Structures are given as C-alpha cells and as structure tokens.
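Colleague: Provided herewith is a single structure, encoded as structure tokens, for subsequent inquiry.
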C-alpha cells in the first residue's frame, strides 16, 4: 500500500495573516487579569469577613474558608502582577494579533447575539439564525446549504430534546404559534 | 473472586439492545469530537452531557464513557494522518505516527495506535476491576478528617507537581474553590457571596462552568489558528491489521512498560500528558537503536498511545473508589454522577452495584467495540475534517447553550457559560491552567464540608489531621508534595555538594 501523496486537503481562505500586527502583549493582559483577580479577591474577601470569618466553638464560621481562600487568591494575583510587571522589560510576547482578534470577534459577537436572541425568541430560533448566519456570512457557504443545515440541526435538536427526552428549552413566540 | 462475579453481573446489566445502541452512538459521537479540530475528550463529554440528563444513570454513564473512549481513539487519527494532535497527549504519537503516514504506512500506524490504545485501556480496566473495590471498601472506614486529607493531597499534588508556574496553579485552584462556595453554605445554611442576587443563590453550577471553559473557549481559540489541513487518506485492510498484530509479541516490553507508566500517572491527578511523553522517551532510551525514533518507527506509536490510554482510563479509578477525579474528563463525569443523583465516593460500590459494575463492564465492552469500529471506519472519520469549521462552530455553540440551559433550566446559566468561555480563553492564553480550577470547583464544597465536619468533631483542633497513622501520613504527604519543588531543589543541592566534595578529594 503506497500512498505518499497528500489526499485530503482543506483550505482556510479567511485564515489570519501571519504578519498581522500585535494588538496587545501577553504581559499587559496578565497585568489586567491579575488586577481584576485582586479586585475580586478583595470584594469576596470583604463579603466573607462580613459573614463571619472567625473561629467559634463549633469550628470555623461560614466565611472562614472562603475568606482565607481570598487571601490565597489575592496573594497569587499580587505575585503574578509583580512578576508580570518585572517581565515587561523583556521582549513582549504577542497575546493576539489584529487578524486573530478579528477572527475571534467573528465568533464571539455572533455568540453574544445568540445569547441575547435566545432570551427573547427562544433557543431554537436563535440557533437557526446563528448557524445559518454564521455559515453564510463568515464561512461564505452557499445560502441554501446554510439554511438547510441550520434547519436540519435545529429540527434534530428540537425532536431530541423537547420531544424525545423532555428536556425543555427556552421558547419564544414562534414555538408558541405552533402550540409548544 | 467476588469482583469477577460482580463483573459478570455488570455484563448482564449491559447486554440489552438499548445499552448497546447507546454505546455505539456514544462511540461514534466520541470519535467525531476527537477528530474535529479544537474539540477533544473533556470538551466532547461536557457538550454531550445534556443528552444524558433524562436517561437512567447506567445508560447515561455508559454513553458518556463511550464518548470518552471514542474521543481517545479519534485523537490518534488526526495525529497520524494530519500531524495535528487532537489532544495534548497525542503529541507524542505524531513523532513517529506522521512519518509513518508519509512513508505510506498510515494503515500500519493507525492499527498500531488503535491496538495499543486498546491494550493500555485493558490493563487499566483490569486494574480498576480488582483495585477499585478494595480501595473503596478500605475508604468506607474514612471519616471526615481522612477525606479532607485525601482532598488536600489532590490539591497539593496539583500545585507541587504541575508544570505550570506555581502561582498560576494556585490562582486557578483558589478561584475554583471560591466559586464553589458561592450560594448557600451547606453546613450552617447561611448565604455567602451572593450579594443579594437570586441567580447566585443556586451557586455556580460546575457543568455550566465546564461547558463554557472547555467548549466555548476552545471555539474561540481554534478560530485564531489557520484551519487549513493537508493530510493522508488511509483505509485499513485486514491483511495490515493481522500483520501488525502478528508482530505485537515482539513489543511486549514496550507495551507493558507504557501500561505501567500510564496506570501510575493516571491515578495521580493530571498525568495523561506526562504519561505519553514518558512512555515515548523510555521506549527510546531502552531501544537498541534510539536514532531510528522519530523517523517512522512503529514502537514510537505503541509506546505513547498505550501510556496515554492507560492513564486516561485509570484516571477513573480514584473517581469511582474515592470520588476524586484523576483528570479533567473524570471531573466532568463526576459532575454527571451528581446530576443523576448519585453521590460519588466509596459508598457507590455498596449502594449502586448495578451502576458501578455496569460502568466497569462497559469499559471492557466499549473498548472492544471501539477498536472494531475505528479499524473499519477510519476513511469515513478522516473525511469529517472536510466539513468546514464555519458550519461546525455555530453548531457547537448552540449545543453548548442547550447543555448549559438544560442543567437547571436557567437563562442566567447561558450568560454564565459565555462568561466562562471568555475567562477560559484568556486563562489558556496566559498560561493559567484550567484543570485545577475544574477540580477545585467540583470538589470544593465537599472538601470544605469534610474540613468543617472534622473541626466540629474535634472541637476546633487542627491536630485531628495527625490523630492516627493513616490520616497523619496522608496529610504529611500532601504537605511534602506542596513544597516538592523546594524539597527537590534542596535534595539536588545536597547531592551536588556531596559530588563536588568527592571530586575535590
């Protein structure tokens, strides 16, 4: 059996370019994340201290465990913050390039819209719109293919979850019109 | 031989048409997610978990574990044919697997990979069959202090033995433990960290977090990369399979060594990746001509695949026997157990015999069926990669949302899933490991309960964790592991000093 030639080839026409400029460096993101985590540790730590974080006759109070975890989290983030600030002087590592960021946003924004639409029109309508829209707009796939795929997927999900397994999904006006 | 009888009973539970069909469906879905770029074991199991919510626990776990086996098998297909490791532990498989495919020996490499996966899993399942009941019956005597000590050991070994920066592991773990504490405090009934929000009252569901962290973030990460593929097509003929199998006895040392490494590292948390590399490196070191590794040597496929599967399977041992997951996927399966109303831990072997032995029997059966399935259907699965990612991505997003919503019927969880998706994306990019977070989130409240119950029992004395030989040695071991890097450094320095002294003499 000799098959040294490549036989499966899939292209990616919208791939991010290699030489795209950096949006931000990993160091900067690390600093931001550590600051956010520090803030979170402070807020949660305060809340637990208010709940009661001392040690009474029956052992620790409800806030005891989480309070000290907040200290650990805060300590870890502080260390990370200092380490990231010190490392800044070295060569900056790219967190994400502009082309990559564009592609990530191309998924993230539709996902965000999908969640929003789910809240008002129900999950099935939102899924249909997401799949059809994404395939057409981002994947540049023929309109009829996108619509058929989206419809089939949504229909299969509906039958599987709502009818066969009785797992009830959020629904909107369209399903209501059909009596579901 | 009690285990043997119970195992036979397990097979009897399993051998119904319904379970067998679910098994096939699980395997096919598993191979599917294993082959798709950007999805793998934990993601696949997390996304497909909601499918099982309304099944009875035994069918559900059979299907889920088959998804897991399928994903493990699927990872090897892309590694060998496309040089794309589907999972981190398939990386070592590409070293010799892809060169073999380039030389036109793709069928041989695939057969070797599948067969050795099968052998690795089989050894691990045998270990589970005989060791898990023993450990669990031993653990039945555990009180809260012992349990807390074991949890502590798990957490400490992650921090001390993990390869990521220590402070990042610590951040990830403490964040997980904190989020696990949100909501009602199980000991006193008081509310914690809810800030008056009624949505937070329920707490943060583990599975919602996992679906976001693994599913959504993986989609975002995958989009960053160039998704073009070039690979080999292959079909496996019976002749090739038989010729590879005929040579198997020659490699028994490699297979046995890798199985052993895999089982050992699988039981300690987070070991599958290390196991595959270690299996490969040791095979290379002990080989008569190590130069030929990396150029398409069949042993280079046997060694890492056996180790990875042995470790992936044996990670289920501590989950079944003690309720402590040994890997990310095991943690998700554990989350599943809770959804189906089962309480993970040693009592599982007593109270839910059908379930446990059904699961163990399904490991045997699933691996046999999986082996036959992948050997016969490789060409079909390889062509899944032709499906454009632009079609796959939105379907995965929609499935994730369905999964997140189905757990508690809450719209808030869909938003939470999206939030965790972003967190997972950022964390992965700056090197904060997600496995400790997952583990902490699933074990958090039980670890805290164990700690506080021990405190109530002892009247607030920390000495309870050294009150007898067993709990004392576990606690001490945990602390040693936590400071292992420092201790290791110290030992190395002493060794170095002694050596320099002998040289100076």
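Indices start at 1 and increase along the chain as displayed.
For all residues, glycine too, the Cβ spot is worked out from N, Cα and C.
The transmembrane segment annotation in TrEMBL covers B:20-40, B:60-82, B:109-135, B:147-163, B:200-220, B:251-278, B:319-343, B:355-375, B:387-408, B:414-443, B:464-487. Under the heading domain 'DUF112', TrEMBL lists B:20-438.
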Colleague: Return the average pLDDT for the domain 'DUF112' (B:20-438) as a whole number.
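Modeller: Mean pLDDT for the domain 'DUF112' (B:20-438): 83.
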Colleague: Tell me if the transmembrane segment (B:414-443) touches the transmembrane segment (B:109-135). I count contact as 3 or more CB pairs below 8 A, with pairs 6 or more residues apart.
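Modeller: No, these stretches are not in contact.
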Colleague: Near the transmembrane segment (B:251-278), which same-chain residues lie under 8 Å Cβ to Cβ, leaving out any that are not at least 6 residues past its ends?
Modeller: 88-93, 116, 119-120, 123-124, 127, 154, 157-158, 161-163, 286, 298-299, 302-315, 317-318, 324-327, 435, 439
Colleague: Which sequence-distant residues neighbour the transmembrane segment (B:147-163)? Criterion: at least 6 residues beyond either end, Cβ under 8 Å.
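Modeller: 169-170, 173, 268-270, 274, 322, 324, 433, 435-436, 439-440, 443, 446-447, 450-451, 454, 465, 471, 474-475, 477-479, 481-485.
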Colleague: With Cβ distances under 8 Å as the criterion, find the stretch in B:200-220, B:319-343, B:355-375, B:464-487 that has the most pairs with the transmembrane segment (B:20-40).
Modeller: B:355-375
Colleague: Would you kindly check B:200-220, B:319-343, B:355-375, B:464-487 and say which stretch has the most C-beta pairs under 8 angstroms to the transmembrane segment (B:60-82)?
Modeller: B:355-375
Colleague: Going through B:200-220, B:319-343, B:464-487 one by one, which has the most CB pairs that fall under 8 Å from the transmembrane segment (B:355-375)?
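Modeller: Most contacts with the transmembrane segment (B:355-375): B:319-343.
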Colleague: Using a Cβ-Cβ cut-off of under 8 Å, list the residues of the same chain that are 6+ residues beyond the ends of the transmembrane segment (B:200-220) and lie near it.
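Modeller: For the transmembrane segment (B:200-220), the far contacts come to 38-39, 42-43, 46-47, 49, 179-180, 182-184, 191, 193-194, 328, 331-332, 335-336, 338-339, 393, 396-397, 399-400, 403-404, 407-408, 410, 413, 416-425, 427-428, 434, 437-438, 441-442.
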